[in-house]
């Protein structure tokens, strides 16, 4: 999408038949420059990722072999040190050398694990034997790995400080909200309507009106019954009596 937009802007700026106003032209040129910058950064990032994938595929087996070799050496050195541990607590020269060897092997494992992904791998066990130049390259890469690790630690500590600060302010805000809720529950608002009790609710005007209606209906029914009983059955008049 951005490449298509770049082409459209370039065509628009090259068009001499329909020249753009000066302010519009400057805005379009600025937009074109920004888009080209974004595309260049994206291409650079993609090429970096491709390079890392290529190097990882190339040196994956070599790193695996060297890691296994270093781990075997480390386990053997630790086993020897455990056997040589003196009862009197005094450390012999051989024990000191073994501890140094263990520290070096641990450092080698860190070297294999954290080797930069965008660099060609420098082997710890070269096939032609170690040379001063090769050892210098290894030391250079060790320093680079160490600097990268220190940079990551600094970034992590800064992020942790920010998280602690954010959590502190969040806790303060939550405390304020709790205080507000407590005050709201204690102090009634101006618009609050007092709630009636159960007895008052029972004796509302509507309920009183319904009670009166029911009483009237009962009285009417009683009157009807009493009227029917007093009058009795009506007698039929004879025709002769009328004459």
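Note: Cβ is positioned from N, Cα and C throughout, glycine not excepted.
Predicted, not measured: the structure shown is a model, and the values here were computed from it.
Taken from TrEMBL as is:
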COILED    25-87  coiled coil
COMPBIAS  132-146  compositional bias 'Basic and acidic residues'
COMPBIAS  173-182  compositional bias 'Acidic residues'
COMPBIAS  186-198  compositional bias 'Polar residues'
COMPBIAS  208-226  compositional bias 'Basic residues'
COMPBIAS  233-243  compositional bias 'Basic residues'
Residue distribution over DSSP helix, strand and coil in the compositional bias 'Basic and acidic residues' (132-146): 15 helix, 0 strand, 0 coil
Across the coiled coil (25-87), average pLDDT on the 0 to 100 scale: 87
